[in-house]
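Quick look at what Swiss-Prot lists:
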type     : residues : note
ACT_SITE : D11      : active site
ACT_SITE : D130     : active site
Amino acid sequence: MFKVRVIPCLDVKDGRVVKGVNFVGLRDAGDPVEAAIAYGAAGADELCFLDITATHENRGTILDVVKRTAEACFMPVTVGGGVRTVDDIRTLLNHGADKVSINSAAVSRREFVKEAAEKFGNQCIVVAIDAKRVARSGSDRWEIFTHGGRKETGIDAIEYAQEVVALGAGEILLTSMDRDGTKQGFDIPLTRAIADSITVPVIASGGVGNLDHLVAGIREGHATAVLAASIFHFGEFTVRQAKEHMARAGLPMRLDP
């Protein structure tokens, strides 16, 4: 049986962690490599870097972060943010990323997913979906939003997920824009609707406030992995506490001695 993955996410801007990471013993809470090493030691199954650098010219900083992290850590690393071309993907993989997450570029040009999967293999292509509940002609549905949730597309999230999987996406990183930052838990109906409609793993993201929310994302949302940021970054819970709690709830976890 597959093991459930717990994935901390670090937002990186100009080579620094935004909001910092509140771990005891970190020399520099703003250094993403320091944070990555700490998460690796804490038992994180994977790590996600989201590059939110405003300008494309500053991409060199995230490449340095990825390279140093790959040299220092043994867990898989996914990198997303501003990935627009096959060359962007190649460069990130060459610097040590295991997987690359694409978002807006896939929405605007679906063929990008197919090109990337054919060139690098679908196992390293993650499509990030930011979805929000929208009322249309009397009924609710989830739609895709881009540019950090600011730009609405009118695209149905479930249909889009099915489409990108058919084009070769190996994994879906699903964020509920309604829940993100609320600490009220994942949007379970959204997560389950997407997970049940496709054949590849779904990473649930957006809204984690306690450890039971992580369990619910898997058990009720049918996700295969959970991603969280602030509950780990600010020392509320450790990754190990999260994994032990999930194991006690009966979920199959990788627990290192």
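The backbone N, Cα and C atoms fix where each Cβ goes, glycine too.
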### Task
Would you mind reading off the Cα separation of D11 (active site) from D130 (active site), to the nearest angstrom?
16
### Message
Return the residues near D130 (active site) by Cβ distance under 8 Å, restricted to its own chain and a separation of at least 6 in sequence.
### Response
N103, I144, F145, T146, G148, G149, T175, M177
